[in-house]
Amino acid sequence: MWGWKCLLFWAVLVTATLCTARPAPTLPEQAQPWGVPVEVESLLVHPGDLLQLRCRLRDDVQSINWLRDGVQLVESNRTRITGEEVEVRDSIPADSGLYACVTSSPSGSDTTYFSVNVSDALPSSEDDDDDDDSSSEEKETDNTKPNRRPVAPYWTSPEKMEKKLHAVPAAKTVKFKCPSSGTPNPTLRWLKNGKEFKPDHRIGGYKVRYATWSIIMDSVVPSDKGNYTCIVENEYGSINHTYQLDVVERSPHRPILQAGLPANKTVALGSNVEFMCKVYSDPQPHIQWLKHIEVNGSKIGPDNLPYVQILKTAGVNTTDKEMEVLHLRNVSFEDAGEYTCLAGNSIGLSHHSAWLTVLEALEERPAVMTSPLYLEIIIYCTGAFLISCMLGSVIIYKMKSGTKKSDFHSQMAVHKLAKSIPLRRQVTVSADSSASMNSGVLLVRPSRLSSSGTPMLAGVSEYELPEDPRWELPRDRLVLGKPLGEGCFGQVVLAEAIGLDKDKPNRVTKVAVKMLKSDATEKDLSDLISEMEMMKMIGKHKNIINLLGACTQDGPLYVIVEYASKGNLREYLQARRPPGLEYCYNPSHNPEEQLSSKDLVSCAYQVARGMEYLASKKCIHRDLAARNVLVTEDNVMKIADFGLARDIHHIDYYKKTTNGRLPVKWMAPEALFDRIYTHQSDVWSFGVLLWEIFTLGGSPYPGVPVEELFKLLKEGHRMDKPSNCTNELYMMMRDCWHAVPSQRPTFKQLVEDLDRIVALTSNQEYLDLSIPLDQYSPSFPDTRSSTCSSGEDSVFSHEPLPEEPCLPRHPTQLANSGLKRR
């Protein structure tokens with residue numbers, strides 16, 4: 001009889017707990033039995049920390065039950081329940097709530113409550129405003145207390161200062177604390193490597209929070225390495241403490257997946273399942289979740305490749321944290337099987353797989369524990385059953401994984417996995433592949449294609465590439481024409497493609513074809529394949545050069561892309577400069593058409609739209625400039641070369657490129673000095689591209705030698721406003737050139753601002769020819785011969801052209817070189 005009363009009491013208590021409101025993790029008054037005050041222990045946990053809860057137990061406890069917000073708490077890969085204790089690893093804000101530990105015993109039941117708040121604030125990047133306020137109040141209180149005895153400075157929280165060596169990746173925020181006290185209140189100052197540390201000693205400066213005795217440095221770079229010493233002193237003494245900072249420089253690599261994740265799962269029918277996949281990547285990764293499925297009763301196709309279904313893929317508004325977790329609700333027997341986490345970036349692809357086993361749900365029968373022996377029997381039987389299931393799952397997984405191929409292709413909702421080509425070295429299987437990547441075949445197989453009649457490229461053996469039916473175009477439907485130029489890996493020729501549109505098989509389309517040069521190497525082949533695979537992954541957009549097809553079989557590799565008839569944006573702008581201007585190298589030249597202000601803003605708007613799309617696909621361009629934007633017959637701007645696997649820092653800064661311009665003039669300071677490439681560094685380059693547009697193809701930083709440019713950028717100098725540029729657009733350029741990357745606008749914000757400016761700009765606002773021209777940067781600076789060249793800036797100019805006269809240099813250009821101090 002007493003047992004039934006206990007059970008009834010427990011049911012009433014659980015029902016009351018279920019009524020608890022989620023937004024406020026507090027216990028309602030009606031949940032407090034018989035008016036007895038209920039104690040709730042409050043816990044504040046930072047994201048990523050270990051959450052530990054321990055229940056108070058009586059000696060005669062027979063059962064323990066854990067609830068969160070009135071719902072039964074179950075174990076997962078992060079949550080471990082061991083009787084009276086609960087541990088949650090890598091806590092996240094979703095773990096916040098009201099936890100309850102309900103214990104039953106012959107003498108009654110007891111409940112312990114924990115109110116858990118997992119703060120969204122990261123301790124390394126936030127300003128701890130609450131701490132500042134409270135500390136300030138304490139300081140004021142300390143100062144106002146009368147008759148306080150003098151005390152030399154001392155540490156108030158020495159346990160928080162035990163970690164002296166801090167190794168962090170570049171671009172992270174670093175915060176050092178020296179919490180201390182004394183009477184009178186001591187002062188705080190910071191040294192770097194034993195010398196006084198001032199904000200202007202680093203790009204972006206730093207913040208000192210005197211209320212919390214801390215220093216904060218945003219977006220750290222390798223030059224921030226060193227020893228940082230805090231000195232706390234008053235008239236009665238001085239103490240100091242030194243932290244060592246090591247900034248780890250990021251290097252490009254394909255995504256790295258944490259070993260053991262995702263982990264195999266064995267759950268009951270109707271349960272919820274969570275797969276976790278930790279991805280580490282410097283170039284931002286594109287993550288997908290796949291499930292291996294059966295098609296017509298078979299998991300393997302005729303070509304011995306498995307079928308998969310895409311369950312989750314990254315969108316414009318999804319974050320990497322959201323993509324790292326796959327949730328399955330109310331699982332059924334059909335959900336059992338193999339699941340794969342696939343991550344890719346501009347360097348390559350990686351994947352891990354795990355198995356889900358679904359078991360028949362066990363009926364829950366209410367029973368009263370009559371003896372501890374009965375409870376032990378249930379525990380032993382349950383443990384033996386679970387161990388057997390786990391062993392069975394491991395055996396099945398080993399048998400299945402031995403027959404799987406590791407080549408993945410994931411662009412259709414349900415499709416066969418095509419052979420994925422690594423984006424660096426194709427001819428060997430990577431030795432660092434994970435255990436779940438049992439690749440046993442060469443992804444690019446050596447073969448002799450003697451039937452093709454094509455001469456073998458120097459330094460490159462011939463290879464058989466896997467055919468992709470969605471992109472493959474027969475060679476007899478491609479007619480090659482005149483050369484258009486030379487690219488990074490080879491040459492580009494004009495061609496006519498027949499039947500690119502499957503619905504119109506006889507339509508002829510003008511296209512551009514990228515191919516290798518005769519002296520190409522294996523690395524050139526690797527890079528061209530890398531660019532093709534990246535274009536497939538990124539997809540299509542109006543303002544980027546889109547992939548149309550490829551010829552990979554029975555001959556050399558041809559990559560077919562859209563053709564832009566009006567050349568690159570820089571040449572397009574120069575050809576449309578108003579006649580009679582001093583900086584025009586041919587004053588008698590009549591432009592093809594005159595551009596209005598609205599036309600120029602439209603150019604910028606279209607490029608921003610293309611970059612916004614690339615950013616949404618986690619693609620970092622690294623070399624955005626007017627020369628890499630192409631113009632179609634309909635004046636549509638298309639961003640090119642976004643799929644190149646380039647390493648800009650292998651370029652000699654003192655060597656001219658083919659068009660006489662160096663990438664350094666478009667590179668952000670963090671990319672130039674510390675090799676950190678992000679979407680924010682692309683925004684800096686976009687600001688330089690804006691300057692090119694409104695100078696009608698001018699050369700950035702005219703007359704400035706490389707060594708001087710480095711110095712001026714570090715000192716905060718920026719280029720002047722072009723004459724035909726509004727103040728609003730110039731401020732947009734300056735925002736793009738902010739020294740702190742996080743303070744620059746995003747491409748989404750730039751698109752919104754330029755869209756508004758386009759709508760407000762009149763079609764009749766042509767360039768004002770009466771404005772003085774000394775602020776324009778000449779397209780061809782005066783470096784054409786020994787009689788009018790400057791040795792300092794010859795690295796920034798064009799090679800001499802026979803029909804171009806030597807232009808006089810403007811005095812104002814020599815005076816300030818078109819630069820302002822920010």
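Cβ coordinates are placed from backbone N, Cα and C, and glycine is handled just like the others.
According to Swiss-Prot, the feature disulfide bond maps to Cys55-Cys101, Cys178-Cys230, Cys277-Cys341, an assignment based on sequence analysis. Sequence annotations record features per position, and here Swiss-Prot assigns N-linked glycosylation site to Asn77, Asn117, Asn227, Asn240, Asn264, Asn296, Asn317, Asn330. According to Swiss-Prot, the region 'Disordered' annotation covers 120-162, 782-822. Summarising the annotation, Swiss-Prot assigns region 'Heparin-binding' to 160-177. Among the features that Swiss-Prot reports, phosphotyrosine is placed at Tyr463, Tyr583, Tyr585, Tyr653, Tyr654, Tyr730, Tyr766. Marked as site 'Mediates interaction with PLCG1 and SHB' by Swiss-Prot on the basis of similarity to another entry: Tyr766.
What Swiss-Prot annotates, mapped onto the structure for a quick look.
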residue	record	Cβ within 10 Å
Cys55	disulfide bond	21
Asn77	N-linked glycosylation site	17
Cys101	disulfide bond	22
Asn117	N-linked glycosylation site	14
Cys178	disulfide bond	27
Asn227	N-linked glycosylation site	13
Asn240	N-linked glycosylation site	13
Cys277	disulfide bond	24
Asn330	N-linked glycosylation site	10
Tyr730	phosphotyrosine	18
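Taking each Cβ in turn and tallying the other Cβ atoms within 10 Å, the top scorer among the glycosylation sites Asn264, Asn296 is Asn264. Distant neighbours of the region 'Heparin-binding' (160-177): 123-125, 212-222, 224, 228, 230, 241-250, 670, 674, 676, 678, 741; these residues of the same chain sit at least 6 beyond its ends, with a Cβ under 8 Å from one of its Cβ atoms. Between the listed disulfide-bonded residues, namely Cys230, Cys341, the fewest other CB atoms within 10 angstroms of a CB are found at Cys230.
Of the recorded residues, Asn240 (N-linked glycosylation site) and Cys230 (disulfide bond) place their C-alpha atoms 5 Å from one another. Of all the recorded positions listed here (Cys55, Asn117, Cys178, Asn264), Cys178 has the Cα closest to the Cα of Asn227 (N-linked glycosylation site). In the three-state DSSP classification, Asn296 (N-linked glycosylation site) falls within coil. Looking at Tyr730 (phosphotyrosine) and Cys341 (disulfide bond), their Cα atoms lie 44 Å from each other. A separation of roughly 45 Å, to the nearest angstrom, links the Cα atoms of Cys230 (disulfide bond) and Cys101 (disulfide bond). As a whole-number mean, the pLDDT of the region 'Heparin-binding' (160-177) in this prediction is 86.
Of Asn77, Asn117, Asn264, Asn296, all annotated as glycosylation sites, the residue with the shortest Cα distance to Cys341 (disulfide bond) is Asn264.
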